[in-house]
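Below: the structure, in structure tokens.
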Amino acid sequence: MLLKLKCTVNNYAWGPKGNSSMAGSLALDGGHIPNLDKDKPYAEFWVGTHANGPAHVIEKDIALKQLLATSPELQGKHEKGNLSFLFKVLSVLGPLSIQIHPTKEQGKLLHATDPKNYPDDNHKPEIAIALTEFELLSGFRQHSQISEYLKLYSEIQELLTEEEKSQIDSLGSYGESSAQVLKKIFSRIWRTPKEKLQIVVDKLARRIQGHENKTALDEIIVYLFTLYPGDVGVFAPIFLNYFKLQPGEATFLEPNMPHAYLKGDCVECMADSDNTIRAGLTPKYIDVESLVEMLNYDETLLPKYIPNELDDGSLLFTPRGIDEFWVQEVKGPAGSIYQLPYSESCSVLTVLYGTATVTLGDASQVLNRGEVVFIGATHDAERPKINISDDFLAFRAFTPSPRALESLSNKRLIID
């Protein structure tokens, strides 16, 4: 079964305004919204069944969640009624919050104790695939490098105790766990009362602003300071890796990995959750205590994710240890035919650019930029075929079957 979907858009303040937003223009071109307001930000385009942004089946005029609940034959035996994933297109003009996402156990606890700010009980591992050059902070730097930066940006030490100052040199060395030392230092800084914090943030940022030859790190700190003066998140680049993804490159964000997107466009896929623990660079609710206790303080090399390359040259993103989602890149030049694999799973296909006709059995749908189609589980020998009219790029998100997950472990990949 092939069914076009009407999906939702979120207007978070960090998104570009009007038609400068890829997420917004996709939503407009795909018929998901009637127009673009030039003065309104368009940050995220959602495809999924999450309660905060559920997709609807256009021709049946019902929520996709409702259709799946009443038509179990559209899914595989391993699927659970709702989509187990949430697919997004993000357009980022200003920085997102310093944040982490919880494990399953932590998600249950957060939701039970604070359902207003943690709207579900799930974890939220996620993969981000760049569509344009994409800048972000993610994962802790090498601890020895953090040690050097705490000396270089010495104003930060005004927030530490004498004991904590004396431990800066031990970051990256043996003895007491380097991660435990980092936790002490990071927690102290992030727990600093706002009034004291503002003084030190301002002092550091204004000194850097006076530099004639600013380093790349100087520039990021000053940039964050101009947007969030006095905010503890201004210090984040001192602790976290800064890097850029080029189009097609990806990063996988495990639970409790600190990160903040800074600029660019990407697609994201994650477990079906909207749980985010924030602590800086945001006017939204922040939860410093949960963040500093749950953070993974291990050092992380640049966390780029290397996908599987398929025989046709397209890419398949299969983060290990995650059974809720895989993402398949679907692309081809005008005049080509792309055949999707047999699948025990339902999937959603979101078109980034181009035009194509998708055929499955007797059903067919013409897809243009921004349109989204739900593809029911095929179960047998049926294979969806995509006849490409114009140069085409889309992403197919689905929940892999147990057989597919096992094939990943055996290094003999099966896509279903």
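Count begins at 1; order follows the chain as displayed.
For all residues, glycine too, the Cβ spot is worked out from N, Cα and C.
What you see is a predicted model, and the numbers here were worked out from it, not measured in a lab.
Residues near His101 (Zn(2+) binding site) in space but far in sequence (CB under 8 A, at least 6 apart, same chain), listed by position: His123, Lys124, Pro125, Glu126, Leu253, Pro255, Asn256, Met270, Ser273, Asn275, Thr276, Ile277. What Swiss-Prot lists as Zn(2+) binding site is Gln99, His101, Glu126, His259, and the listing cites similarity to another entry.
A C-beta separation below 8 Å, combined with a sequence spacing of at least six in one chain, links Arg278 (active site) to Ser97, Ile98, Gln99, Lys284, Tyr285, Ile286, Asp287, Leu291. For Arg278, the entry in Swiss-Prot reads active site.
DSSP gives Glu126 (Zn(2+) binding site) a strand state. Counting only same-chain residues at least 6 apart in sequence, those with a Cβ under 8 Å from the Cβ of His259 (Zn(2+) binding site) are Ile98, Gln99, Ile100, Leu136, Leu137, Ser138, Gly139, Leu240, Leu253.
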